[in-house]
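What Swiss-Prot records for 1-28 is transit peptide. Sequence annotations record features per position, and here Swiss-Prot assigns domain 'CoA carboxyltransferase N-terminal' to 32-290. Under the heading region 'Carboxyltransferase', Swiss-Prot lists 32-533. Look at Swiss-Prot and you will find Ser71 tagged as phosphoserine, backed by similarity to another entry. Under the heading N6-succinyllysine, Swiss-Prot lists Lys99, Lys474, Lys489, citing similarity to another entry as support. Feature annotation from Swiss-Prot assigns N6-acetyllysine to Lys99, Lys474, Lys489. Marked as domain 'CoA carboxyltransferase C-terminal' by Swiss-Prot: 294-533. Residues or ranges marked as region 'Acyl-CoA binding' by Swiss-Prot: 325-358.
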Amino acid sequence: MAAAVRVTAARARLRVVVRSLHAGVRSLCTQPVSVNERIENKRQAALLGGGQRRIDSQHKRGKLTARERISLLLDPGSFIESDMFVEHRCADFGMAADKNKFPGDSVVTGRGRINGRLVYVFSQDFTVFGGSLSGAHAQKICKIMDQAMTVGAPVIGLNDSGGARIQEGVESLAGYADIFLRNVSASGVIPQISLIMGPCAGGAVYSPALTDFTFMVKDTSYLFITGPDVVKSVTNEDVTQEELGGARTHTTMSGVAHRAFDNDVDALCNLREFFNYLPLSNQDPAPIRECHDPSDRLVPELDTVVPLESTRAYDMVDIIYSIVDERDFFEIMPNYAKNIIVGFARMNGRTVGIVGNQPKVASGCLDINSSVKGARFVRFCDAFNIPLITFVDVPGFLPGTAQEYGGIIRHGAKLLYAFAEATVPKITVITRKAYGGAYDVMSSKHLCGDTNYAWPTAEIAVMGAKGAVEIIFKGHENVEAAQAEYIEKFANPFPAAVRGFVDDIIQPSSTRARICCDLDVLASKKVQRPWRKHANIPL
């Protein structure tokens, strides 16, 4: 319901923007007399982009223009544009002609606010040379990225570009490299978000890949290094744009994109909501908002949520929703590597990162894709001071030749590395299974977890009872009795609790209250690491 209200309000704002742009176009003077009039004419030309015909064409595709997108993303009246008068510098192939000069070139850049918080933004304008990147276009983007780094504010890129501007040759390629360099320099310093709202091909794809989060719009956005025609000529594969690089491909198969939205308005509204979870920079604490959900709220339904039979599945997402503030959970990559859950929520108003195994998918086993998905998310949270809460129900790593040949050892080590390296507050709740090496990996006490809880249903052991009995009691006459003995000794939380590997065995209903209390205590946590140039994560 709330999302529908936001979309309705956004569409109303959009109508106002379109009317104001059209009014500006009607007032356009073609015979400048003074410098002031010339300035105003240039300004109006910049607002018009590639012209009304191209704007109409953009709308017919179900897409907004670059300026309409900025207007919906930012708070009303907060956008301050920079470099509106910049034009490309190419003189070859007829580009020097006045008809090929557009104030602002093919990107709109500047700063504004989202819910009162500073953000820098660039929005590529497909109505001008298909949004292609020129040297001037890249210069504008680099300038706002430099400014964002200087003041400590996030950068959001609204991508809608045909790629490099061929007429400019190597200058266009140099422009991409300039942007990539800044993406890398800003990584872990300020949040970087890419929203793909049209084509993004060739060299253009690497900037979104270097940012922290990449979102897409269904049916109108595409990400690929080489398009369908090149694929056909090289590999003889017949593939459509949507199949090769559409939103479904990248949110369910490749893992390149983190979420996909129905249309431009839906994407921009969700991006505003997502932005609220993030700090402005690595020097700022995670945002805290007023909370009306009691921090000591008990959740009685959690006492019976885990089935008595250890082989029966349940939905870890239900547990997450019931514990976080007001059941508000922004899941990241919900359709990729579904055996692990990651996303943002709030606990007593404080932003937290959630990681959880999903027993409904592959019994919650860790595999290559889920390990990489989890590791990337954990490292983002650690870089930006966001506490981590981990819900564990993991029977181990997924066995099989496909996983071994694919490098599960190396990829699984990424998740282990991420949790071990993280110095933010780390709270872990073992809901049921925590077997073998996967137990260690999932933010265990041994990886410097700050607070580690177990529910009464927790089973912390090297492996499940059946497999263990087959090894320990091989040839034993009474296998059932042996299995019962193993369960009594190991398939429960007590062995770990006795050794201090879990801090407490808690009633599930008290989980929210315990976590909120722990977060208050851990808010002042500080960890000093030995100096090093950079770590060498097993990429």
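Yeah, the Cβs are placed from backbone N, Cα and C, and that goes for glycine too.
The Cβ of Lys474 (N6-acetyllysine) has 9 neighbouring Cβ atoms from other residues within 10 Å, across all protein chains displayed. Under DSSP, the residues of the region 'Acyl-CoA binding' (325-358) split into helix, strand and coil as follows: 3 helix, 20 strand, 11 coil.
Classification of Lys489 (N6-succinyllysine) by DSSP places it within a helix.
A separation of roughly 18 Å, to the nearest angstrom, links the Cα atoms of Lys474 (N6-acetyllysine) and Lys489 (N6-succinyllysine). Taking the Cα atom of each, Ser71 (phosphoserine) and Lys489 (N6-succinyllysine) are about 62 angstrom apart.
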